[in-house]
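Asker: Annotations for this protein, taken from Swiss-Prot, read as follows:
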BINDING   W11, R30, K103, A135, R254, V281, E283  NADPH binding site
BINDING   K103, G131, S133, K186, D243, S253, R254, N255  sn-glycerol 3-phosphate binding site
ACT_SITE  K186  active site, proton acceptor
Amino acid sequence: MAISILGAGAWGTAIAISLGSKKDVILWTRNETTFESINGKRESDKLPGCRISDNVSVKLAIEDTINASVTILAVPTQSLRKVCQQLHNCNLKKDVAIILACKGIEKSTLKLPSEIVNEILPNNPIAIFSGPSFAVEVARKLPYSMVLACQNNTLGSKLVSELQQENVKLEFSNDIIGVQICAALKNVFAIACGIVLGSKLGFNAHAALITKSMSEIKALYSAKIGDGSVDINTLLGPACLGDLIMTCTSLNSRNLSFGFKIGNSDNGFNVQQILSEGKSVIEGFSTAESIFNLAGKLKIKMPICEAVYRLLYESASIEDTISVLIS
């Protein structure tokens, strides 16, 4: 089974390194510097020291990716619509399975990644690939656990077999909505946890905040489904609790580090400056706005997410933010 990966950031490249050890992989990038770097050094600047197999061919033209039987989308969520439209314009075949490896909620529409794909490529089957997985550890082929969510059991089982590696424990789920909600929210909570840690409020407050975060995940998850039901296996599995713990406790997390810099700044922080200092997208920044608006649309209270939103977008003080986070 040929596999294309769209997005040559740290995460997309890590997946390419993992799968490329045994499969032919096409890795698409829009960045000519990245293209030349990988082709010249067989290494990405985002993952120094991690060799990219010769089985991975790098392409600049998206039309060179459409003949694979599986397409993995590892682009930022706010760029997903544009990439899907490009695939549509290239006449992507209807039987090509699309695996979403991006996390977030589109700001302009409040749609999940699967809803964006369904809108533009309605005939292509969709799966979600999510869980606790730092790109650098995946690229180094350290052990990790993920969830492959798909509403088609036959396709899901086939994709699990294709993505399974010796160092990966891959669990199957039908819960594509729950898995995506958890994946998006954890980045906002990681920013909140970073603020608490950066403000030196201690691990007790940090642990309490993670615990309260689970309640907000459950609230949005339940409201988004509409019937109040949630899958406890999703909440307590790798895609939710596992990813939340990892993202909210390690400074390898871009979102936690972002929040830490804010909390450690004594109110003298500049959000745009901190964002510009990083080499990668801080998904939680965009997601905070999306979650704030989605919670309003669904008429639910999410005080942690609201506090992070008001700090990032409405210049709320760190003191006012912390009073909510530790209340």
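For all residues, glycine too, the Cβ spot is worked out from N, Cα and C.
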Asker: Highest CB neighbour count within 10 A among the binding-site residues R30, K103, K186, R254?
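Answerer: The residue with the densest Cβ neighbourhood is K186.
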Asker: If you measure from the Cα of E283 (NADPH binding site), which of the binding-site residues G131, D243, S253 is the nearest?
Answerer: S253
Asker: As a test of the contact definition, list every same-chain residue at least 6 positions from D243 (sn-glycerol 3-phosphate binding site) whose Cβ is closer than 8 Å to its Cβ.
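Answerer: Expected: S130, G131, P132, C182, A183, K186.
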Asker: Inside 10 Å of the Cβ of N255 (sn-glycerol 3-phosphate binding site), count up the other Cβ atoms and send me the figure.
Answerer: 24
Asker: What is the interatomic distance between the Cα atoms of R254 (NADPH binding site) and S133 (sn-glycerol 3-phosphate binding site), given in whole Å?
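Answerer: Their Cα atoms are separated by 12 Å.
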Asker: How many Å lie between the Cα of S253 (sn-glycerol 3-phosphate binding site) and the Cα of W11 (NADPH binding site)?
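Answerer: S253 (sn-glycerol 3-phosphate binding site) and W11 (NADPH binding site) have their Cα atoms 12 Å apart.
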Asker: Provide the number of Cβ atoms within 10 Å of the Cβ of V281 (NADPH binding site), excluding the reference atom itself.
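Answerer: V281 (NADPH binding site): 20 neighbouring Cβ atoms within 10 Å.
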Asker: Let me know the largest Cα to Cα distance in Å among the sn-glycerol 3-phosphate-binding residues K103, G131, S133, K186, D243, S253, R254, N255, as an integer.
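Answerer: Greatest Cα-Cα span of the listed binding residues: 16 Å.
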Asker: If you pair up every Cα among W11, R30, K103, A135, R254, V281, E283, the residues annotated as binding NADPH, what's the maximum separation in angstrom, rounded to an integer?
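Answerer: Greatest Cα separation within the listed binding residues comes to 22 Å.
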Asker: Using Cβ atoms only, which residues of the same chain lie under 8 Å from W11 (NADPH binding site) while being at least 6 residues apart in sequence?
Answerer: A74, A101, A135, V138
Asker: Measure the Cβ-based neighbour count of G131 (sn-glycerol 3-phosphate binding site), defined as the other Cβ atoms within 10 Å of its Cβ.
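Answerer: Excluding its own Cβ, G131 (sn-glycerol 3-phosphate binding site) sees 24 Cβ atoms within 10 Å.
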